[in-house]
Amino acid sequence: MKNRVFQMAIPLFIAALMAAILSPLSAVSLSKGSFKDNFDIMFSESNFKTSEDGQIWYLSLDKTSGCGFQTKQKYRFGWFSMKLKLVGGDSAGVVTAYYMCTDIDASPTRDELDFEFLGNRTGEPYLIQTNVYKNGTGGREMRHVLWFDPTLDYHTYSVLWNDHQIVFFVDRVPVRVYKNNGKPNDFFPNEKPMYLFSSIWNADDWATRGGLEKTDWKKAPFVSAYKDFSVDGCQWEDPYPACVSTTTKNWWDQNPSWHLSDSQKKDYAWVKRNLVIYDYCEDAERYPTPMEECALSPWD
């Protein structure tokens with residue numbers, strides 16, 4: 001499986017490289033501020049470190065605690081991006097989460113968009129899990145393998161969020177497309193602003209082979225690294241920011257961003273054929289009646 005994925009990744013890598021060069025998305029400016037300019041630490045400050053220039057951030061997990069951070073600001077719609085290098089070696093049981101959420105305390109009515117990176121035994125590929133919550137209801141997991149080793153170098157993980165679709169990107173390649181139906185519904189989060197978070201934590205009760213593989217604490221600390229946080233979105237100000245009613249003035253909420261481009265459709269088709277290992281919309285045992293959003297086409 002691992003060799004097959006890496007061999008098939010060559011044309012996708014070329015396509016992603018060209019997209020990064022030619023796409024209007026590449027015009028997004030990167031935040032060059034220090035960690036303190038953009039984020040607050042959520043817990044276990046002793047497990048957080050930065051490079052001397054403040055541009056690379058390290059979260060570590062040991063047997064006593066993980067660590068996490070969150071943006072100082074909330075946003076409603078936009079483009080959100082970060083480069084991550086995941087825990088190397090034996091990372092079974094370890095989850096690195098990179099996500100957006102409406103609530104600091106994960107309330108039972110929260111909206112949430114998740115990237116979760118599920119560690120594995122040495123030599124086995126990482127799994128990437130995405131999920132979407134609306135008013136506290138999730139259960140919309142998809143899992144993918146990646147076409148590269150995410151522990152060897154930094155790779156870019158991004159979310160495009162507007163009122164028409166949510167797209168999860170890995171190195172500018174769309175790996176998941178989650179559409180809205182243009183009507184009031186219980187599945188598409190589009191009303192509440194969200195913070196952006198990241199954390200590392202122990203989840204060996206479920207993360208690796210359903211909890212069969214436990215965290216090997218002799219390998220601790222487990223460290224994930226971050227840099228180049230980028231956001232181009234509608235920053236929230238109570239009670240309502242001016243940009244709420246003018247988001248279509250921004251590229252991320254204009255017609256070309258309401259659908260995949262032709263080149264993105266080709267990449268997404270490749271991902272669907274080769275990298276998806278679980279899709280809740282296709283799990284008839286779990287959902288005998290598919291969720292409403294499963295009837296929406298990602299190609300429209």
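Here the Cβ of each residue, glycine as well, is placed from N, Cα and C on the backbone.
On a predicted model such as this, the values are computed, not experimentally measured, just so you know.
Going by TrEMBL, these are the annotated features:
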type: ACT_SITE; residues: Glu112; note: active site, nucleophile
type: ACT_SITE; residues: Glu116; note: active site, proton donor
type: DOMAIN; residues: 16-226; note: domain 'GH16'
type: CARBOHYD; residues: Asn120; note: N-linked glycosylation site
type: SIGNAL; residues: 1-27; note: signal peptide
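In the predicted structure, the domain 'GH16' (16-226) carries a mean pLDDT of 90.
Of all Cβ atoms in the shown protein chains, 19 besides its own fall within 10 Å of the Cβ of Asn120 (N-linked glycosylation site). Counting every protein chain shown, 19 other Cβ atoms lie within 10 Å of the Cβ of the residue listed as 'active site, nucleophile'. Under 8 Å, Cβ to Cβ, and six or more positions away along its own chain, the residue listed as 'active site, proton donor' finds Val95, Thr96, Ala97, Tyr98, Tyr99, Ile128, Gln129, Thr130, Asn131.
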